[in-house]
Structure formats: C-alpha cells, structure tokens
C-alpha cells in the first residue's frame, strides 16, 4: 500500500451515523441491544452445534462458519460505532481504519461464499439425496470452507489496496460510521476511477457469482419439491425457502446498492443501506437459518433437559 496519507494526516474522523445530539443515546441503546442479541444468537448456535451430536451434519457445519463470519464482521463494526455514539470521540488512526476495512471486507466476502456453499449443500441434499453422503463428504465440506476463506482473503487484500493505495491530502472527515470504500475514496486527492472500477469488478465477481449459485440452487430445490411432495410439505418448503431468500435479498440488496452504483450517486442513503448488512442481517440470520428448524429446537430441548 502506498501510505501517502500517513505522512500528512495519520488520523481520520468518522462523522458517524448521525450528527443529531438527541438521537445518539436512543441509537446507542438500540444498536447495543442488537449487538448483544447478535452475539448471543450466533455464539449460542455455534456452541449448540458443537455439543449436540445430532447437529454434526454438513448443513450445520456450514452454519457454524456462517455464524462465525456474522460475529466477526459485526464485531469489527458495532463496538466502534457504539463507542462513537457514547463518547463522541470519532477519530480513528490510519492503521485502525485500514484494519477495520480489511477485516470487514474479509468476513463479508467469506459470508457471500458461505451462503453459496449452504445453498449448494441444500440443493444436493434435496435434489440428489442418494449421492449426498459422497458429494458433501466431511473432506468436501472442509475444502468448500477453505475455498470461501481463501477467496475472501485474496479479495480483501485487493479491496484494501484499491481503497487505501492512493494519497490523501485532506479533509480527513469520513462521512460514515466505519471506514468503507466509497467514503474513504471520496477523500483521495489522486484519480480514483481505476480503483472504483476494480472494486466494482470484484464485487460483481464475488456478489453476482455467489448470488447466481444461490438462486439456481433454490430454484432447483423448489422444482424438486413441487414434483414430489404433498401439499403440507410444499407449504413448509416454500416458507423455509422464502425466509432464506428474504435474508439473502436484504444482505445482497444492500451490498449491491453500496458497491454496484457510480460514485456520483452515493449519498446519505448509504448509511441506511450499510446498517442493513452490518447490523440487521447478522442479528436475523441465526433465527432465519437455524432456530426455526426442528432439529435445532429438538437439540435445544435435549440440552435444557440435561442442564
């Protein structure tokens, strides 16, 4: 990385989610509650899968890594945002800003690929049940997860290099509640069109590629269920697929709104879109993907009885 801005101004100032004084205390309480529920839901799911032998299946293996990604990128964003709302000291060092963005890009990209792996797992389980054990073997599960993290790590390096590789000569006020690509690039005094094009291409490759896998998998799942199941089974399958696709739509829709539009169209709505994929999506995912499942409810009941 070219650290040109490190010599003129080693610190940025995050303007935060709002500059209205009376709104900061209610927002602090709201986001603190959401963050606590996010940690409790996702960490609780990971512990439950670990202690319940009935959940030692490929689907819940992917879900634990999905929950881990939720916890990690939520923790990269929320504590800093809560501190800014509570104390008002919104300065962040150059290294802190780079680190925050890099970890955020890493875990969000990993989550995109984990969503695709989970959709593929469900597709094989429902559409090809006889070959499921061979296709989605423990070794294949570890290889898919390793691929998710490998692609995410390489993509995060490129995102970070494109975002912070130029020179920053002021002002150093980031109009956002965390160090994101678009508001940081607006501070650069060098030409950023090449960096913006590279980020657009990376988001398109990661986001559109994985979303196509998800949509194709769920499309084939629904087609298989419509052809073989009874009416009550079809209704349950539709409800499950609809809730999964609603979560995917919130996550991908807000991501695409942020990163697949021209820089000139970014504005105040960016913060609202960012709240959806940094705060709302991680708190909803444990309930949508796992806590509504009969297997998870049964495992929870057995754990309660043992305790």
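Numbering starts at 1 and runs along the chain as it is shown here.
Glycine residues also receive a Cβ, built from the backbone N, Cα and C atoms like all the rest.
TrEMBL annotations: computationally assigned, not manually curated.
Predicted, not measured: the structure shown is a model, and the values here were computed from it.
What TrEMBL lists as transmembrane segment is 27-52 (among others).
For 41-289, the entry in TrEMBL reads domain 'G-protein coupled receptors family 1 profile'.
TrEMBL lists 59-81 (among others) with the feature transmembrane segment.
The feature transmembrane segment is assigned by TrEMBL to 101-120 (among others).
Annotation comment: TrEMBL describes 140-159 (among others) as transmembrane segment.
The feature transmembrane segment is assigned by TrEMBL to 197-216 (among others).
Among the features that TrEMBL reports, transmembrane segment is placed at 237-260 (among others).
According to TrEMBL, the feature transmembrane segment maps to 272-291 (among others).
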Discussion item. Under 8 Å between C-beta atoms and at least six residues away from its ends: which parts of the chain pack against the transmembrane segment (272-291)?
Written reply: 17, 31, 34-35, 37-38, 41-42, 44-45, 60, 63, 66-67, 70-71, 73-74, 77-78, 104, 108, 118, 176-178, 180, 243-244, 246-247, 250-251, 253-255, 257-258, 297
Worksheet item: When only pairs 6 or more apart in sequence are counted, do the transmembrane segment (59-81) and the transmembrane segment (140-159) reach 3 or more Cβ pairs under 8 Å?
Response: yes
Item to complete: Check the domain 'G-protein coupled receptors family 1 profile' (41-289) for me and report the mean pLDDT.
Response: 87
